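A.B. asks: My questions will all concern the structure given below.
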Amino acid sequence: MPTTEAARLELPAPYLKMVRNIMRRHLPQAEVWAYGSRVNGDCYAASDLDLVVRQPDNLHRRQTSLSDVIEALSESDLPIIVQLVDWADIPAEFYREIAANYVVVQPA
């Protein structure tokens, strides 16, 4: 069930704040969803954070600065790995799977 409730995201508040700050700085117009184990409850402390970046006005438009965001995440103080993908680049069969259970990290 999709939600904007960050409480459903199994991620400590300071880590979520770091992620949001990086997203706002590098992708201010994009919508960012968390999905995967940290949303569905199958995670453990060292689980990665799966994020997908979308442009709601054009879901097929690719992000041009993902490499900068990935670099900023890896250089941050986050003690977990963040996997960041572009909605426009993932196979269509994953759309429904992600859309069925996600948390909005950054609204558009």
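Including glycine, each Cβ sits where the backbone N, Cα and C put it.
Take a look at what TrEMBL says about it:
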type: DOMAIN; residues: 16-94; note: domain 'Polymerase nucleotidyl transferase'
A.B. asks: Per DSSP, what is the residue tally for the domain 'Polymerase nucleotidyl transferase' (16-94) in helix, strand and coil?
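C.D. replies: Residue counts in helix, strand and coil order: 30 helix, 16 strand, 33 coil.
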A.B. asks: Over the domain 'Polymerase nucleotidyl transferase' (16-94), work out the mean pLDDT and round it to an integer.
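C.D. replies: Across the residues of the domain 'Polymerase nucleotidyl transferase' (16-94) the model's pLDDT averages 92 on the 0 to 100 scale.
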